[in-house]
Amino acid sequence: MADPGADEPSPRTESPDGEGRVSEDRSLLHQRLAIRELIDTEVSYLHMLQLCASDIRGRLQQLPQGDLDVLFSNIDDIVKVNSRFLHGLQETASREEDQVQLIGNLFLEFQEELEQVYKVYCASYDQALLLVDTYRKEPELQREIQGIIEAVVPQAGSSGLSFLLVIPLQRITKYPLLLQKILENTLPDASAYPVLQRATHALQDVNANINEYKRRKEVASKYTKVEQLTLRERLARINTHTLSKKTTRLSQLLKQEAGLVPRTEDKEFDDLEERFHWVSLCVKETKNNVAAYLDNLEAFLHFRPQECDLDVGGGPVVQYCSLTRDLQLQAFPEFKRRLEGLVWQPLCSLAKTLAGPQNLIKKRLDKLLDFERVEEKLLEVGSVSYEEEVARHTYQALNSMLVAELPQFNQLAMQWLRQILCTFVALQRDLAKQVLQRAEGSLAQLPHHHIPELAFRKLVEDALGQTSHQLHSFQKNFEKVLPPPTIQPLLPGAERQVQALLSRYGPGKLYQVTSNISGAGTLDLTLPRGQVVALLQNKDTKGNSSRWLVDTGGHRGYVPAGKLELYRVVPRDKELRGQAGPHEDSRHLTPEPTPVPVSSVPTMTQVVAVYPFLARSSHEVSLQAGQPVTVLEAQDKKGNPEWSLVEVDGQRGYVPSSFLARAPSPAPWGWSLPS
């Protein structure tokens, strides 16, 4: 008899298929739930971002704009990216059979954009937390901020700003977890599995890259600060550790210079550094030129010829004065104000932004020496200490960040500079247009307004030529009236120094200073009028022939060539008479120009000072040009006729004889301007 249960299916043979279907259904359900969680949480997250970017930031008006920029960073960019990302997620719901694969492709598509916007936000997060801590130290401000946040986002609770600021960090780190959850509930043989796997790994890489970028920024921020320290503060920072580091770096550098160890070559960075230095040079030169332009503009505004009494009534002069007064009071000051605000201040800001990268490049060189030393040790020993490993990673972080960001910085700096120059040109164009508009009415009333441009140019050239001829004639007449100029005699006690220069360089190299020289640069000399110097080179290191290198007998430096005149050695009177003696070869050192006018003036003669003279000791007396002087003795106590004892305003003292001349009669001064 047959077994009644023989036709019934065995539970043991049916269970694997049933369990498989149940497992697939369970995985599919969990997959759907994970996808739903991804989309729902993305909606809530984007809503919170929009509240922060609009409502909360808009109500925190009591905070400075700089604080708001740090707190909310690039949240607007995050909102834009995540809005498009959410739109893409929601569109996948319409194709349920391919939804998983579409989600994976969507994450791969947004991988780069998500990394770019979130790494900027994460890098500034720590600085934002520092601001939050400062607000907590001001109870009144903290209560206002807390009230605003609780009114917009009640779930923030007592955390306040901290709760809102951390939300983007939490979201970017949660994407890999959500993808992993979907992946775990996707069959390995499903077509969407490889795509989801790549998307999961891609988002994990995004988070790793963000962490690395944040670390590099922290390293860079440590070295971009340019501190203005006094010498005492710098010395206070020196300790055995810093001395050891600097000594090691110097040793490494010397070994490289000697060729004992190879130098690390980085062509990519070297090219970027060279371009950065060119950008810095352009900014520096432009800033110097604009500063000089502003100085000249300031001097121009102080020159107001329209306020002078020109002693010419009516006609074009009145029109000129009216136009010039109008321009001086309105057009030019407005141009100067706009120039300072739109050109000078942005240019100064651009120059300041260069300080950070310059400091980073300098620190990179120091860290490169540390890195090379650690690499040598690693090859020799096979291991390094924790501190050496940190130094190695610090160089790698600095170098990677500079290579990645210097191209962008160079490009932005050049765009900034180009915009400044374009603004400068536009301001010049506006000024010219404004001046022409203001001048139209005045020009129409001038006598030559109807003359064509070429004829007017010819008229101006002829007028300038005639005026130049009159000025030249006036100069000649003026030179005839004044006594001939003379060079100041040797300073007392300078003959020995001049004799030393003469014996060392020869007479052809000696020059005398014609007017006082005040040195402006570190290599420039400050010399009094009359000092004798020896010429070493008739140009400076840049080939500028207007600056000469001279030797004073004690110091060497540069002086203006226009203030030097050739100094010649003239024989004494005894030698001219042919008198022989033990000092027959001795020479008397005097300037080449001309006789002393008062050497033959008898005692108690009334003369005038031709040039001003400033007394340098109690034995001398000061003079003003044209001042009456009474000559008491036409020589000093040693019989030297180059110095005369005089009386001026009741004071007695010595002055150079060449500074004095007989008072001229009224006739020579009867010149008149050429007609």
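Just so you know, glycine gets a Cβ as well, placed from its N, Cα and C.
TrEMBL entries are annotated by machine, without manual review.
As given in TrEMBL:
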- 9-25: compositional bias 'Basic and acidic residues' (COMPBIAS)
- 577-590: compositional bias 'Basic and acidic residues' (COMPBIAS)
- 30-213: domain 'DH' (DOMAIN)
- 254-455: domain 'BAR' (DOMAIN)
- 506-569: domain 'SH3' (DOMAIN)
- 602-665: domain 'SH3' (DOMAIN)
- 1-25: region 'Disordered' (REGION)
- 577-600: region 'Disordered' (REGION)
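Across the domain 'SH3' (506-569), the model assigns an average pLDDT of 86.
For the domain 'SH3' (506-569), the number of residues in each DSSP class (helix H, G, I; strand E, B; coil) is 6 helix, 27 strand, 31 coil. With DSSP states grouped into helix (H, G, I), strand (E, B) and coil, the domain 'SH3' (602-665) comes out at 3 helix, 29 strand, 32 coil.
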